[in-house]
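The structure appears right after this line, and notes come after that.
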Amino acid sequence: HRLSVPRATSPHLQPCPTVLLSLLLALQPLGGLLWQLGGPGRLYGYMVLHAGLWALSWAAAVALLQLEHTRVLVRDRTRGHGTVLLLFWALAFAAENLALVSWRSPLWWWARGPHVLLQVQFSLWLLRYICTFTLFVLGMKAPGLPRKPYMLLVNEEERDVENTQVRSPGAGRTTSTWKDFRRKLRLLVQYMWPRGNRLLQGLVLFCMALMGLERAINVFVPIYYKNIVNELTGGAPWHTLAWTVCIYVALKFLQGGGAGATGFLSNLRTFLWVWVQQFTNRQVQVQLFAHLHGLSLRWHLGRRTGEVLRSVDRGTSSINSLLSYVVFSIVPTIADIVIGIIYFTSAFSAWFGLIIFMCMSLYLTLTILITEWRTKYRRDMNTRDNEAKSRAVDSLLNFETVKYYNAESYEVNRFNEAIRKYQVSEWKVSASLGLLNQTQNLVIGLGLLAGSLLCAYFVTEHKLQVGDFVLFGTYIIQLYTPLNWFGTYYRMIQTSFIDMENMFELFNEEQEVKDAVNAGDLRLEAGRIEFENVHFSYVEGKEILHDVSFSVMPGQTLALVGPSGSGKSTIIRLLFRFYDVWGGCIRIDGQDISQVKQASLRAHIGVVPQDTVLFNDTISNNIRYGRVSATDEEVQEAARAADIHDRILSFPDGYSTQVGERGLKLSGGEKQRVAIARTILKGPRIILLDEATSALDTETERNIQASLAKVCAHRTSIVVAHRLSTVVGADQILVLKEGRVVERGRHEELLQKGGVYASMWLQQQAGEDGDGKECGTEKAPGSSKGQ
């Protein structure tokens, strides 16, 4: 398979511009010093120090670049630039933006005035700005950070979904995570807008309006607090002060505790959004559940139930989390920051807007970089968690096998080791989380210190009032409160994207067997089955069925016998269309089953498998599963036909008896009779018996044969048999060997041929005679007396 590199950019395409720009920035102050020496200006010591430190820092950046391109990216071409290099470029570009504070100064206009020194300085700043901006943009491209939404999605080689199951040709291609992002985003957005429900659509619009009103209130609360302070210090009359206080309290009631977390508007929005959230949760679970039932038998046989259920549970909850955190946490927080920058720049000065911008930008940048670094630990923890849960599920489902081999301590030790590995990964997640929190606190503290000192200075210079200082402190704390949760929101979003990845992989799984475009319903008339030159393989290169042809007339019984692995059960699965044939055709009453709808085909076919699995429900509901609309009388009639009615009545709870997980509370014979009753209740025209009695003892098998005869009476039947004595009365017997039909005919005809069937018959008869002799010599306890 071809290696997929994010943005499809080779590491050899980018060293040139990044290295050249870094070298240019390193040499630029040295060129400025030479020009200063040759010109009329003086050369001060601080200029030399600044130029030297500048050149050394950019020389170090060049060295880091060279190290990445020669060592790191050679080993892993999907890896991004290091955190140090990205942070250095971000800070360098942010530092050049400080000059924007003096945008009203005439020094900006190099054409104004004949002062050559000012023109050169402005030209050098413009050069630095362009270079640092270009480096900042290039740093965010490949082979920089992998091109992932929010830098969160999991690499395709690191999926914790099933990678070992057998797939059809071409199904194992690796899919790019970024390539699927637009589809995932569309899938996510559609759940935010409830289609076909005008009431919920109105609730969505109303919640958006409430969120906009909260943004406006967040601006006016500090302003009215400032007015209260100014009126108190300025000696305003009581009625004016009372009116201002009432407005402030009303706004505070609507806003809530500082950031609107518990305010009236926030609580109202949260309450109304619950209905939208429930709708979303129901839609996701129903769609995914239906999709899983539409996948092929091959896919289900290759999956671990615990991992699938874990992925479904995490994925459905993650969609609700994403909608909630993105729409009502991240977007409002960013909007508050932008509004705050604009307000302080216009109402105070550009310095305040710059401080807020720098602090918020540094906070968000560090949060994203460190959280991206933490992603691998979170992903590994999820993988370990899945492994531990799957191991526990597998062990508990095979409870009897564990007991048979006295392997309790072995299973406990395996589970303990899985938990230990999970806890190691969990500790790494917790430790990296602590580092992120401390970094965020440091940035917030520095920003608050710088802004408060500047505001206090302007108050002492009588450029601002005391109320302005209060406004600044109140507004900044109000901004920092949700911003302090931004890291949590971001981590939750990251976690949700990671958790959603497995669910989207489930959605990506395509149905192997699909209805044709113009497929119609199966028109069953008599029930004639025809296999015409059928070829089939589970995997390419290993043919299971080779040129198999036969016909089953309406009402007849066809038996399939042969050694294990000869393709008997495969014929049953092909007829039920769990798989599509690779060659040839299967017809029912002259209709190609690949051209009819699967639902209509399976509605006319009843199956009694070898390993009957019952739902953890009552006996009545398990029988009724054959036709969910059946009445209690019809359920009991089907049980009578399967000779299980009297046995059910002997249970304390009768038809309300719980059968347990997979029907473990019932014996093998009882489970088979319940399955037979279920099939009788369905009333199909075609019956498929896949070694329905091979797992039972001889006596139980003989008792059930009468029930099976009732099921097959006047129906077209195909029976897969292990014991040849059960198919002696079949209208036709097909002997399969290595995927080919080697013999066909009735029982007596095949015995006369003396071929494969006759050999199998003699072997089984000899085995049964041996068992009978052994049973005859065995005495039951207490049988010493004559009987």
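A Cβ is built for glycine as well, from the same backbone N, Cα and C atoms used for every other residue.
Now, the feature entries from TrEMBL:
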DOMAIN    205-495  domain 'ABC transmembrane type-1'
DOMAIN    529-763  domain 'ABC transporter'
REGION    767-787  region 'Disordered'
TRANSMEM  20-37  transmembrane segment
TRANSMEM  43-65  transmembrane segment
TRANSMEM  85-104  transmembrane segment
TRANSMEM  116-138  transmembrane segment
TRANSMEM  202-224  transmembrane segment
TRANSMEM  236-254  transmembrane segment
TRANSMEM  322-344  transmembrane segment
TRANSMEM  350-371  transmembrane segment
TRANSMEM  442-460  transmembrane segment
TRANSMEM  466-486  transmembrane segment
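Here the transmembrane segment (236-254) has long-range neighbours at 213-214, 217, 220-221, 224-225, 227-228, 230, 263-265, meaning same-chain residues at least 6 beyond its ends whose C-beta is under 8 angstroms from one of its own. The stretch with the most CB contacts under 8 Å to the transmembrane segment (20-37), chosen from 43-65, 202-224, 442-460, 466-486, is 43-65.
Sequence-distant residue pairs (6 or more apart) of the transmembrane segment (466-486) and the transmembrane segment (43-65) include fewer than 3 whose Cβ atoms are under 8 Å, leaving the two stretches without contact. Restricting the average to the domain 'ABC transporter' (529-763) gives a pLDDT of 86.
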